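Working notes for the structure below.
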Amino acid sequence: MTAALHIGHLSKSFQNTPVLNDISLSLDPGEILFIIGASGCGKTTLLRCLAGFEQPDSGEISLSGKTIFSKNTNLPVRERRLGYLVQEGVLFPHLTVYRNIAYGLGNGKGRTAQERQRIEAMLELTGISELAGRYPHELSGGQQQRVALARALAPDPELILLDEPFSALDEQLRRQIREDMIAALRANGKSAVFVSHDREEALQYADRIAVMKQGRILQTASPHELYRQPADLDAALFIGEGIVFPAALNADGTADCRLGRLPVQSGAPAGTRGTLLIRPEQFSLHPHSAPAASIHAVVLKTTPKARHTEISLRAGQTVLTLNLPSAPTLSDGISAVLHLDGPALFFPGNTL
């Protein structure tokens, strides 16, 4: 199967400062990939290189087997068959919704029967048929993003690129528009690359996630694999919360840390030193005895919150603060037992 997108050893610098460093990845037809990372990691620059707005220093890019960038090739933006959607849609204020979408077909008119049929199909797909005669200033932010998506899909591009398209919307609207937009992409069978800083968004909607740091891809994997089997400590902490401790491996599949001896997930040899990471949801709290892999603690303070209970406790010389979705009623100062559900992650060489 030919990849919808293939990037090979792509690099880009600005004023001798590397921004993209040997980026390689592929995208299957119909697949939705999220690229996540801290601000300045290079994710938007990567998207702009794919679209043709920036020229890489080296590497290759191909769409459905056709080279659009290499040492000897650099197709202009209009010939790349890509849709590009940014934070605020960037609609033409003097054109109606209908004509904004028609502009995606190249002439802004939508006069032929085939063009009208395509525009009407995109209006229906994105749920904005009743808005066809309105102007951008008459639309909400969410409606404008729907129009921008319809315009991007109108010419039937090989790939859709989306640069944090929901970040300017409020939380409730963002959730609805995000779900509708993902559904529209899947209904149209389109491959898409999202740039996002929202890891929860990526975990929920991506087929695969690429984690970037300082111009490099740390790991590309399914949401489940990335969360459960991160390649390194940086990827683990970016994709989810974690409580970390220096630790040393034992021969029996455990590691010694400040909380005691705990089971770990690692193939490193005994004696290896590194960092142990526990996901917060792995902890459960019991007022009395609990199964193996338990930690004796003293409750310092419990604070009920809207969706969880915040519990501060001391285990040995270590003070922990946990947000537990449900917890037994515990008085401050009472002894309790923390149970660890499943092995902790262990990363050799990552010492704190």
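Note: Cβ is positioned from N, Cα and C throughout, glycine not excepted.
Record features, source Swiss-Prot:
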- Gly37, Ala38, Ser39, Gly40, Cys41, Gly42, Lys43, Thr44: ATP binding site (BINDING)
- 5-239: domain 'ABC transporter' (DOMAIN)
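Compute the center of the Cβ atoms of Gly37, Ala38, Ser39, Gly40, Cys41, Gly42, Lys43, Thr44, which mark the site for ATP; besides them, the chain residues with Cβ within 8 Å of that center are Met212.
Within the same chain, residues at least 6 positions away in sequence whose Cβ sits under 8 Å from that of Ser39 (ATP binding site) are His197. Averaged over the domain 'ABC transporter' (5-239), the predicted model reaches a pLDDT of 91.
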